[in-house]
Amino acid sequence: MDAEAVLQEDMEDSWSLMSWMASCLMVCGGALPYVPQYQDIQRSSNSEGFSTRVCLVLLIANILRIFFWIGKQFELTLLLQSVVMILTMFAMLHLCCTVQNTNRVSTKQHRLSDLDIRYFWKWSAFEDYLLFCFGFTVLCAVVTLLLLDSVMFVETLGFLAVMFEAMLGLPQLLQNFHNCSTKGMSVKMVLLWTAGDVFKTAYFVMNESPSQFWVCGSVQIIIDVVILLQVLLYSQDTRVKLG
């Protein structure tokens, strides 16, 4: 075997290794930003700064993405990423419910069975979040089974999945705006969001993933940047008030 063939083989091995590492990072990387936020909530025993609606958006997005994969098989990496993200969101919700119930002054419990729209996604029991997601999954499964042969339905499913995912940071952005503060929100989480969104958008483009994915990534980057600007703005406001 000549030197050129050996060099080419080494380059192919290196590329395969880099591709495998990128895939592993894609699968687990989406969950990493929530580690510092999880630790902050555990340490402070306060979840007020974190919007649990982030979990709602990601759960819906990733459940839809799984059904999109059934209709249009894309990279297995992205399917596994959805499974990991769903488990991560359940872990965040479980922690938030535990902390909120520990700090609760009133004995009044808000349950899914109350059917009170004012307390949607503000339930007291973690089991209610599981029940809602189970019901949503069953609904998606039935509709997908009936319309799986429709190309338009499958493409719409993919669009909805990435549209919800693109709105990932929006609940946090709105909560910061409502509170006029980013206290309790992990800045590390948002920085990791931004780094991850830049990485995965580049990954989508390089791997020629469906266009819905890189459009989603681009919108997420914009929202991440706005949240980081909020951190700067509200920290300045805090200094002015204290000064």
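Backbone N, Cα and C atoms are what each Cβ position is placed from, and that goes for glycine too.
Annotation source TrEMBL lists transmembrane segment at 20-38 (among others). Residues 50, 75, 77-78, 80-81, 84-85, 87-88, 91-92, 95, 185-186, 188-190, 192-193, 196, 199-200, 203 of the same chain sit 6 or more residues outside the transmembrane segment (20-38) yet have a Cβ under 8 Å from a Cβ within it.
What TrEMBL records for 50-70 (among others) is transmembrane segment.
Below 8 angstroms of C-beta separation, residues 23, 26-28, 30-31, 34, 37-38, 41-42, 45-47, 50, 52, 55, 58-59, 62-63, 65-66, 69, 123-126, 129-130, 209, 213 of the same chain, each at least six residues beyond the ends of the transmembrane segment (76-99), sit close to that stretch. Feature annotation from TrEMBL assigns transmembrane segment to 76-99 (among others).
Sequence annotations record features per position, and here TrEMBL assigns transmembrane segment to 129-148 (among others).
Among residues of the same chain six or more beyond the transmembrane segment (212-234), those with a C-beta under 8 A of the stretch's C-beta atoms are 78, 158-159, 161-163, 165-170, 172-173, 176-177, 180-182, 187, 190-191, 193-194, 197-198, 200-201, 204-205. Among the features that TrEMBL reports, transmembrane segment is placed at 212-234 (among others).
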